[in-house]
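Colleague: For reference, the structure I am asking about is given below.
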């Protein structure tokens, strides 16, 4: 988060190397560090731009990837792209200079604001994905058919608005303090460092963990219930001499032993001579004047023009049967939802692990600097945890796309086209 630019009581360039040691920037040690920062920065910027650009292009060109859930991935990729374009070049420049800020203070303030907003947006997008997956598991059918696009747009809009709100104080003159050193680019207000750290990490991180835990538990309960239903389906089927048949609109009556000329009695007709369960076949039934395609009207339907007691047979069948989704369609829909969420469940440990690995050290170090001015934090540690936080922007495309078979196929097509 932009908190990499956190205030440093010991004169450290928050997340950008030792500001107090700018005078020694020409030394051999700092020159070597500057060269390493330049090479590492170029590689990191290239990885972030390539990975996240490929994500955006894949979703824009591949219709199969244009799903509501992937809109969060595009928003996350956009935040990381802006970070690589607007923040990382200036960060690398400062690292190459040994931590000294040789540009204007206004540009420093703009860098701080962009850093805070874009890094906060990146983490908030991760939280939005966790919210979306939790909803997909909690109410899967409703998730697919009710207000999906609107929900995603609201979450993405809230992500960017909240990120801008966290960064707004920097643009409103928070860094304009007396005695400000123009050679140091950092956040000057320790209270703001605590505020931005809490809003950007210490609140959304537990929320994301809680939602992922609830998602994982919900998927486990879903899987247990599905297996129990599959195993318990056979005993509930009716037993009989013949194989079970799919449920028809009307119950099937057993065949009469009288022979092929015997049919089950129609309602209201006398029993046939063959037996109590048999009536003469269709020829003994009175012919309807409207023809063979006429059937008695169903309750609640208007009479057919050909007669007061006649209605089209299709209308009768439609009225007699309650509206139902075919069992095959329901099974396919459940299988599709279950398969998608199984993939999400397999990715969850990778998502949470990478997030915590990249961001926890950074926020622990920088909030410690803000809350404990007397604590001495090595400049190299500050720089290392800052780099680690930025690396998360390069890992996001790997986590959210390489583990997805559809994205993998699109990436292969793109690489083959380029090669």
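Note: Cβ is positioned from N, Cα and C throughout, glycine not excepted.
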Colleague: Have a look at 30-50, 51-71 and point to the one annotated transmembrane segment in Swiss-Prot.
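Modeller: Transmembrane segment, as annotated by Swiss-Prot, spans 30-50.
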Colleague: Would Swiss-Prot have residue 98 and residue 135 facing the same side of the membrane, if we go by the names of the topological domains it assigns?
Modeller: no
Colleague: Choose the correct range: of 317-336, 337-356, 357-376, 377-396, which one does Swiss-Prot annotate as region 'Disordered'? Give that range.
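Modeller: Comparing 317-336, 337-356, 357-376, 377-396 with Swiss-Prot, region 'Disordered' matches 317-336.
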Colleague: If Swiss-Prot is the reference, give me the range from 6-26, 111-131 marked as transmembrane segment.
Modeller: 111-131
Colleague: List the helix, strand and coil residue totals of the topological domain 'Cytoplasmic' (404-419) as derived from DSSP.
Modeller: 14 helix, 0 strand, 2 coil
Colleague: Cβ-Cβ under 8 Å from residue 375 (disulfide bond), same chain, 6 or more residues apart: which ones?
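Modeller: Non-local contacts for residue 375 (disulfide bond): 368, 369.
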Colleague: Let me know the DSSP-derived helix, strand or coil state of residue 108 (disulfide bond), please.
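Modeller: Note: residue 108 (disulfide bond) is helical by DSSP.
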Colleague: Can you name the recorded positions among 80, 122, 372 whose CA is within 10 A of the CA of residue 108 (disulfide bond)?
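Modeller: Correct set: empty; none qualify.
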Colleague: Cα-Cα separation of residue 80 (Na(+) binding site) and residue 372 (disulfide bond), in Å?
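Modeller: Taking the Cα atoms only, residue 80 (Na(+) binding site) lies 31 Å from residue 372 (disulfide bond).
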Colleague: I want to verify one value. Collapsing DSSP to three states, which class is residue 80 (Na(+) binding site)?
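Modeller: Note: residue 80 (Na(+) binding site) is helical by DSSP.
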